[in-house]
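Shown next, in structure tokens, is the structure this report addresses.
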């Protein structure tokens, strides 16, 4: 594969470490924009939907409404932040043209991709951890399976970081980086079973919901924490891994062809 | 093995604009090479292809014998770029920009920090190392891009109009820096609109127009092609009448300045001998226009009209 330099593993590792640190430093430097807002928003979700409205909703699938929505809200923050971090950072680098620092350097394409994805995963997981800590003030969360919880949240963060990267490659103006999160990601997340169980929906809508990939991630994560899911766990893993594989190859192809980067 | 070798390089942009036509160019190691041409001639396209920012339509590029497509790590490690426009992260400090760039080239942290101090000191930026880059002056930003381009110690440095928009004092200090760098062994390719800069610094010059190299030779030979030069002479006392000089064309500019045309087969010694015999005392003299500028205009005048390409 073009762009693969096994002859220089030490230098390649230094390049990767540099990019990962640069990306991590970016979202930590602007923590007031990146880490605080999701904490406030998700706290409001817990207060309004969990405490105020949730107390009148009653139990769902055998759990209190607060316990039921907590995994979905955590996952929602992970998805949004992983995606947003990569798309805004990568497009910002294109806009200011400092992406050229990377493009003129010998940094291989897979390192560029891995560095940006690592930044997105880092911010997604960091935010997820903050929201999880907040959730413990509202619900008694007993983790059913640590390996499943961690693997699902990690793979989901990887997947949406890749999504953000692809969006960033194609984006030509700032509007382009807001369209996908606003018109696709947010609706799919809200309709992905964050606030309700699939069993509550009429048959037609329940079947339609099965086409929403975020439903699988939210439910797999909910299984990791509560031990309860509307969908088979294996299907969720296959779906996530399938999207990650496709997203990785597509991203590398875009970098190799210089789409949106090289004239 | 050449520092840079371009063979049959062609570039046609989307939309059909032909930017380069069968460009062949060799730059030898240790050279200080000037690439000149009007706006849209193809200079930036050549630099873009060499630095992988532009994809060639066809042709080969190699840097110190390493093909940029088949051996990108080796080729890119030997290459440093100072682009025309500021392209660093405006939210990072001077140190972060330089050290990150070192990391992208696989330079370990200790070496990167040592080199960063060396180049930032040489370029008078050491005191600004912790300053946010967007607060730097234009000249400082240009020097920052030079420091960044040198951090991995490339053997070939390409500068795309490095002194555009900087004041005379800074320009002169950058010339000194670049000349020293070249004497220490770095091959330099320079594009510039300041022809005085090219004449002062470059040993060899290529002129590109309409995507084709129309002149490629050493600066001395290029300047020798000038058939005549015009000099402005300041004289000590006002002339009552114009001196008659054999074979020289003399034109009055004002009462204390005359213009003399010296053709290629004539010498300044002969001119001054005749002025001396005529009782004219010269206090200073200068070329009426930059010699390379004169040649550049004449050369372009003979070439085809240029196309609008970037």
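Cβ atoms here come from the backbone N, Cα and C positions, even for glycine.
Automatic, uncurated: that is what TrEMBL annotation is.
Since we're looking at a predicted model, the values are computed, not measured.
Note on TrEMBL: of A:6-23, A:204-221, the range annotated with the feature transmembrane segment is A:204-221.
Tallying C-beta pairs under 8 angstroms between the transmembrane segment (A:113-139) and each of A:145-170, A:177-198, A:233-255 places A:145-170 first. A Cβ distance under 8 Å defines the sequence-distant neighbours of the transmembrane segment (A:177-198), meaning residues of its chain 6+ beyond its ends; these are 49, 60-61, 68-69, 72-73, 75-76, 79-80, 83-84, 87-88, 91, 160, 163, 167-168, 171, 206, 209, 212-215, 217-219, 222, 230-231.
For the transmembrane segment (A:68-92), the residues of the chain that approach it from at least six positions outside its boundaries are 23, 26-27, 34, 38, 41-42, 45-46, 49-50, 54, 59-61, 99, 116-117, 119-128, 130-132, 135, 138-139, 141, 153, 156-158, 160-165, 167-169, 171, 174, 176-177, 180-181, 185-186, 189, 192-195, 197, 214, 217-218, 221-222, 224-226, judged by C-beta separation under 8 angstroms. Residues 74-75, 78-79, 82-91, 94, 113, 116-121, 124-125, 128, 176-177, 180, 185, 217, 220-221, 223-225, 227, 233, 236-237, 240-241, 243-244, 247-248, 250-251, 254-255, 259-261 of the same chain lie 6 or more positions beyond the ends of the transmembrane segment (A:145-170) yet place their CB under 8 Å from a CB of it.
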